[in-house]
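Trainee: Quick one: the structure is below, questions incoming.
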Amino acid sequence: MVTSPVLAVRDVEKTYASGTRALRGVSMRVLPGTVHGLIGANGAGKSTLIKILSGWQQATAGTVEWKGDPVDWSHPGQALEAGMAAVHQHTPLVDAMTVVENVFLGRRETKRWDAAARRADLLALCERVGYELDPAELVSELSVGARQMVAILQALARNPDVVLLDEPTAALSPAEREVLFRSVRRLRDTGTTFVYTSHFLDEVMALTDHLTVLRDGLVVVDSPTADVTVESLVTAIVGKRLARMESSAPAARSLGQPVLSVRELSSAGRFGPVDLTIHEGEVVGLAGLLGSGRTELLEAIYRADPACTGEVRVDDRAVRQSPRAAVKAGLALVPEDRARQGFVRDWEIWRNISLPYLSGMSWRRLLPRAAREKALAQQAVDDLGIVCGSTESAVGELSGGNAQKVVFAKWVYGPARVLLLDEPSAGVDVGAKADILQLVRRLADDGRGVLMVSSEFEELLTACDRILVIRRGEIVADLRVADTDLHEVTALASGLKEGQPA
Amino acid sequence: MSTSTADHGSWRRSLAPRAAGVVYAFIALVAILTITSAAQGRPSYLSSVNLSNILDQSALIAILAIFMTVVLISGNFDLSVASTAALAGTVALKTIDSYGPVVALLAALVTGALVGLINAVLVQKLGVNAFIVTLGTLTAVRGVVQAILDGQSITATDTTLLDIATARWTLPIAAAIVIGVLLVAGAVLLIRRGSSIMSTAGLWFAGLALILLAVFRPLMLTQTAPVWIMLVLAVLAALVLRFTVVGRNLYAVGGNPEAARLSGIDVDRYKMVAFVLNGTVAAMVGVLYAGRFNSVDPTVLTGGELTVIAAAVLGGTSLFGGSGYVAKSVVGTLILFTLSNGFNVLNIGSNYQNVVQGTVLVAAASLYTATSKRERSRFRLALRRNKGSGGEPPAASTTENKELVRH
């Protein structure tokens, strides 16, 4: 029996104005009444494809067919009209409005807001989905998971034929995930079609009927989920050539004393109790997917999370609960969102670099010596290869990679004992990426400890001695780089394989 | 190192309207008033008496503007200064006859510091928006003043405050020349240590002006005590902001609080100290203001906070924090008072005075915003250029996010 697809994509290509080819001829057929998984690593083209499907962006070449007819949606409203609703990772909801007001936001079928009818509609919808919600509750009072459900209900309230779910579980607790899965299955059985993307491969295997795997803008797997094995899936995602790193992994180095030790560190709802130790000269990778609690863990170690409990010791001295104490104790954080957390945009390179240890390079810890600061900045520019007009350039004017090097430079010339790096190479071009990884290695060789988060696991395998895998707030594995490969790390982080708690 | 291009850039940057506009505006304003009054055959606008007059009228508001600038740099906002000053003045006059001037002054300063502390705790520890909190203290503190005075104005018999507030202090000519030479020498030293000529323009200007005044206008070296206090505080605040770790950290706290916090700076402490300092200084201004006539009434200084904020904004201080210069805020105050003084001298009548002041303020703010928008779009362009290679479409600029978060 041949069913015609409700949504089909034929040879879609997308080239951005910058010349990046995000999609290089992707075809996909979504059959009605199925859950269609769309997966791939970061930068594989998933987000671009979803944006094209939901009308946010247009394909450079190729066609999108909706119920057999080619369509050319130029804004999301058209996709919605046609019967395709998208739920993005962070769907904006109006906090100050109730659940029912949010679910029917922007509906224009009736002029009058018929509260009783809307309430009845919502309850009927909840009944159909199998999820209970108080329609009169304010959205700001809801848990993250319930908010996500409101966003999904908002999409479903328009009775769409196809629902795009983009990473819907990243912020959900296991119980909330179960509710979501039940709802999705239930709606599928009544004829709604889902396109589902997730980093968590265990979810994808459990929930979807058909899988499309993207890699580097091409479809590498297109088959029913039942025919796919876990092994082949991981290989498809990471690619054969990368499954094993060339043996650039460093030989076992002699490590010094423990420099950072973390005991029973936990923050309610973010990550569970975590223990870890980092030695002098060691680079430890923290491998985790978006929403795994990796950033939160790093911030808690840096004592920037006032709600966390547990102990952090540097050189066997406990660190009090404030970033100020952390800096004094010898911790340094290179944050993920550098524009928001890393530098002062209007400041020159030299003023940014000297910020954390300014009093140390001042006359009597009181009067900064600009000449010294500028000399340091010049040294950083030379050492790290920061491309800029001069050390007087504002950091906000630099490219992402160079700004990142400035954020690094803030810490590397100071007395920091442990560097906490959150996605140090995100948004950085390939050349700068290699520079930064080399720099990390060099910093450790000088006797510092490094804890580095990255969602590009290849990077961790290249730069680290040891990798801790974090999933849903727990460290599920402690692997020596020499004994592991990309397969294993990916499988552990995405929940395809259970690890032994570290 | 390509210092020549860097110098060239900083020259142009310092001369741009955004950096020096308030000074141009002030010079232009004074020139217009001078020419007009000369054309109408009135006494010289630039007479020592008239200039001293403007200085004396603006001194107290300028003191408030200096510390308002500090609060604005730290990324906060304080509407309560005028009410705080009124309360402190009332406290001082109420206590001076029974307890003597020292206790009165201390009581007033403690009152101001307390109001500042209340603002600081509510804003920084509780997280209430600074605009709301200080709007509240503005009203409530004024209410306390009204309750204490009960509709009456009070006068003290002890005249110590009157004597201080109206004293005329003279800087000896020799001292003026020495200080002027020292300022210029400091500027030269800074240039030899790598600063550009324009970044030391304030020092040059102040030093030369002092020497010229000492030589050609020795009468100008006699000013009222509030003027001298204002000048000393302005110099102190400018030096601390520019040359100390504390000053640098304050700009960082306002410029990017999250980056400052993660760099190990105690953001809360800086912001709170700015509030407390502002309250204390407002109290001092209140005492001086009460001392002028040795009396206060319930409406004293009403609306003063708006003049103070207008002066800081005229001086180019950002309401989003992280930028501002006390010297420019002082010039901003001078512009506002020169305008009203000009209306009096030219006998135009005060009906249009507010229209002109409001227009000047909005025009200045528009100019600043327009020039910095151009910078922002350049920044966004740069961001887009390097984002492209990352494979992601350009995200919205971070600048926009920042503003959305702020207000």
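Any Cβ shown, glycine's included, is placed from N, Cα and C.
TrEMBL feature annotations, pasted as is:
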- B:20-39: transmembrane segment (TRANSMEM)
- B:59-79: transmembrane segment (TRANSMEM)
- B:99-123: transmembrane segment (TRANSMEM)
- B:130-149: transmembrane segment (TRANSMEM)
- B:169-191: transmembrane segment (TRANSMEM)
- B:203-221: transmembrane segment (TRANSMEM)
- B:227-251: transmembrane segment (TRANSMEM)
- B:272-291: transmembrane segment (TRANSMEM)
- B:303-322: transmembrane segment (TRANSMEM)
- B:383-407: region 'Disordered' (REGION)
Trainee: Given a Cβ distance threshold of under 8 angstroms, which distant residues of the chain, six or more beyond its ends, lie next to the transmembrane segment (B:169-191)?
Mentor: 197, 199-200, 203-204, 206-211, 213-215, 218, 221-225, 228
Trainee: The transmembrane segment (B:303-322): which same-chain residues, six or more beyond its ends, come within Cβ distance under 8 Å?
Mentor: 18-19, 21-22, 25, 61-62, 64-65, 68-69, 72-83, 85, 138, 251-257, 328-333, 335-336, 357, 360-361, 364-365, 368, 402-403, 406
Trainee: Which stretch, B:20-39, B:59-79, B:227-251, tops the Cβ pairs under 8 Å count with the transmembrane segment (B:272-291)?
Mentor: B:59-79
Trainee: Would the transmembrane segment (B:227-251) count as touching the transmembrane segment (B:59-79), if touching means at least three Cβ pairs under 8 Å and pairs must be 6 or more apart in sequence?
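Mentor: The transmembrane segment (B:59-79) and the transmembrane segment (B:227-251): touching, yes.
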Trainee: Which residues, given as numbers and ranges, are at least 6 beyond the ends of the transmembrane segment (B:130-149) yet have a Cβ under 8 Å from it?
Mentor: 76-80, 82-84, 86-87, 90, 94, 115, 118-119, 122-123, 296-298, 300, 302, 305
